[in-house]
């Protein structure tokens, strides 16, 4: 898409007015609501209403002899008496009553299926295949005869999608969009079927202003957040700044990019603009949960209950509120209520899986995550949750499969790469695990564990010289490390390494740090004693050697750095020398990582063994060239 494009806001407004009328006539209330919100955002744009085309359109598509049947049927549809609506429009041939008949038949079947669904029913069962068979046959026949308008094509695509005939559904939705570009429902149903950017670019979509919104929305669905942000910011600059849908998508994109503060700021602004809006309120509550903002979560939950206590969004917000209070049983109850109201509510399935994991109910968690994947196969949280669940069950091959799926959806998320590395490590594929840790560090280690895991694995392979640069970099930001046991282990490893290499000042520096922790206190004390003994032996040996050379016992003309004043100077400079060493090794680890990048930048998580061997050889050569001790 061009970053700069021109459009006529008056034409957009006119399209929206006509689209609202057409959708309302056919009972497509969600599309009418979306179009109305977009129209309200363009309230500064003046168009003629009440006369002319928009007024005439109120009666277009309804035959004069069918008008009374249509008005009666539409009133039944509005109060959800779908069978009565379908009965009174069964013989209608004009476009609007004909669609209303098909849509009412579909809604009747869907409502009965959901009403009869038990708690343990799955989202995509096969029972509805038979339910929709008659309607599907009618739609297929009329499609072959080219008798379907854009709205009937939309309904045809929805049924094909429910039957998992996705390839055919994509073709039908594209036809529907070309026939009726302002029918938002068609765009919305098409978006989850787009698997990648190449497929999106190859779709034969009309050159309509709605296409820009669809592309931006789909980019965010595909986690191409930067591209999506550019499009929506461009739309804001071109007159859509007051349309509430645009900032909502920007908030979701910033959330995907882990810019939580920016996303919360946008949601707070939206809440001030439209305080009774429930759409996307679950996403807002998820962000408050991540930031541990319990007071704000409580206010949001009470506000949502006041608005509509029986909406899926409200149940999800209240479930998050109980979750942040660690009341996982009540949280599950509210997520289940949300799913009773909408069995295809993605957030509820995923969040309920998280709660079952907290309750140590792994089997129930797996079931919830599987349902989330059925609803939306691009939900990386569900794939990642499945990987964690099977990891708890000690089934690493299953974990590997699900972690790979999550990593493919979020290729630059270090959490997925670290999880893959740990799984490869359990499967004794050390070289592949090393690459995963290295790539996790390269893309920005969110949890701060990639370097530690990398060093620990090098230690297991008795390649301590490769582990030291990673450990020094890991320890360089000790205040940000939450796992103090890992930090203590890193300190002790560094202390022992420098002690063996007779760099006693550095060894003492790290040993003293371990005295603050009970787990390593005794080991650190023993190391300090060893260092003191070795220093004494070295001092005595140096003094004896110096005296023998000068012929005067006890002389020390050079001033041994390990004794007297020289020793004091060395002690004073311990920290400075270690910091200098960390700086040098930091540059060295950057060189190592840069070399690793050449091999892992374009790799998928399934790495080749030959490339792993090549990486180890190149890494070793870099370390040896940099002057570090290498015993291999």
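Note: Cβ is positioned from N, Cα and C throughout, glycine not excepted.
Caution: TrEMBL annotation is automatic and unverified by curators.
The shown structure was predicted, so the numbers you read here are calculated from the model rather than taken from an experiment.
Residues or ranges marked as domain 'Cdc23' by TrEMBL: 12-250.
Outside the repeat 'TPR' (312-345), and at least 6 residues removed from its termini, the chain residues within Cβ reach (under 8 Å) are 114, 117, 119, 121, 123, 278-282, 285-286, 288-289, 292, 294, 297-298, 300-301, 304-305, 351-352, 354-356, 358-359, 375. Annotation comment: TrEMBL describes 312-345 (among others) as repeat 'TPR'.
Residues annotated as repeat 'TPR' in TrEMBL: 346-379 (among others). The predicted model assigns the repeat 'TPR' (346-379) a mean pLDDT of 94.
Feature annotation from TrEMBL assigns region 'Disordered' to 538-632.
What TrEMBL records for 540-556 is compositional bias 'Low complexity'.
What TrEMBL lists as compositional bias 'Acidic residues' is 573-582 (among others).
As annotated by TrEMBL, compositional bias 'Acidic residues' applies to 598-607 (among others).
Annotation source TrEMBL lists compositional bias 'Polar residues' at 608-621.
Sequence-distant contacts of the repeat 'TPR' (346-379) (same chain, at least 6 residues past either end, Cβ-Cβ under 8 Å): 122-124, 192, 221-223, 282-283, 286, 312, 315-316, 319-320, 323, 326, 328-329, 331-332, 335-336, 338-339, 385-386, 388-390, 392-393, 409.
Secondary structure of the repeat 'TPR' (312-345) per DSSP, as helix, strand and coil residue counts: 27 helix, 0 strand, 7 coil. Look at the repeat 'TPR' (346-379): DSSP puts its residues at 27 helix, 0 strand, 7 coil.
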